[in-house]
Protein chains: 2
Amino acid sequence: MSVDQDKFKQILREKGLKVTTQRISILKVLSDCDDKHLTAEEIYELVKIDYPEIGLATVYRTIQLLLELKLIDSVQLGDGYVRYEFGHNDEGGKKHHHHHLVCLSCGKVVSFEDDLLEKLEEKIEEKTSFRVVDHDVKFYGYCKDCL
Amino acid sequence: MSVDQDKFKQILREKGLKVTTQRISILKVLSDCDDKHLTAEEIYELVKIDYPEIGLATVYRTIQLLLELKLIDSVQLGDGYVRYEFGHNDEGGKKHHHHHLVCLSCGKVVSFEDDLLEKLEEKIEEKTSFRVVDHDVKFYGYCKDCL
DNA sequence: GTGGCTGCAAATGTTTTGCATCCGT
DNA sequence: ACGGATGCAAAACATTTGCAGCCAC
């Protein structure tokens, strides 16, 4: 929460960028809705509650900034929207990889931590000489509540 | 090739839909460029070579139809375009699952067959009571040629 | 005070839709 | 000849950009 905000402010200052109410508000919404995977429009609507003057363009520009700073990640669930989630990166920049379980009935997205993929990555490098540096894994199905 | 075309024509007739030159041409392009992962615009340009009168809207409508018939699959590689590939589904409807290796340098997409994911799916069902029915797996990295 | 940031509106790029016409059945 | 399919243009959609004014530094 405020740890992230302080970190954000610090990075902005280090880069000579300005700490604005809009930027802090957007980070706060993303941090508060950590598990929601919000679209830009949804972030816009949530920020407007506390800060009605904000423009959608500012939301997009701030999302772009947060992506570049690796404070958030983008997720595409195949529904035509780009969604964003608070980044769970280590201090050292190493990613806490998690996969997404997407419910085809209610649309809910649950995260799932696992490292079995690393074995598969090794297998790929062996068999195809393709050097894997990142992956994106989604499972579609039905959640406990919808079954 | 023509096996797919015949299958397509048969399905169209069964559903009371019309077999048109446009529909056959679009299927042919997708079938010929099986490994290319084309965008709608790219399909449009390719079909225009043999059939210059075609409209982009027809391409989109036919893609939609082919998706519904599960003759093609859509792939989003994260570059903002929706791409389409010829479906490799069994007769029984069971998918020949393959994953995509996307080269971050040249953009080339290679397919990789593997069933290690099934273990991971079992693990998910055990741990979270989430019933998995499909998945979408992409690996990003650098291909042999680019290394 | 200055330059970066913002809000607005206009532009962009992809995909969808309305409608008159066309063509497969 | 009927009704679905097509081509065109306009609309819809998310996202980006240009610019004058504003505010953090």
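Heads up, the Cβ atoms here are built off N, Cα and C, so glycines get one too.
Features as listed in TrEMBL:
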| type | residues | note |
| --- | --- | --- |
| BINDING | A:His97, A:Glu118, A:His135 | Fe cation binding site |
| BINDING | A:Cys103, A:Cys106, A:Cys143, A:Cys146 | Zn(2+) binding site |
I need the least crowded one of these binding-site residues (A:His97, A:His135), counting other C-beta atoms within 10 angstroms of each C-beta. A:His97
Around the Zn(2+) site formed by A:Cys103, A:Cys106, A:Cys143, A:Cys146, which additional residues qualify by having Cβ within 8 Å of the site's Cβ center? A:Leu104, A:Ser105, A:Gly107, A:Lys108, A:Tyr142, A:Lys144, A:Asp145, A:Leu147
Closest to A:Glu118 (Fe cation binding site): which of the binding-site residues A:Cys106, A:Cys143, A:Cys146, going by Cα position? A:Cys143
To the nearest Å, how far is the Cα of A:His97 (Fe cation binding site) from the Cα of A:Cys106 (Zn(2+) binding site)? 24
Among A:His97, A:Glu118, A:His135, A:Cys143, A:Cys146 (the binding-site residues), residues with Cβ under 8 Å to chain B, listed in sequence order: A:His135, A:Cys143
Hey, which of the binding-site residues A:Cys103, A:Cys106, A:Cys143, A:Cys146 is the loneliest by Cβ count within 10 Å? A:Cys106
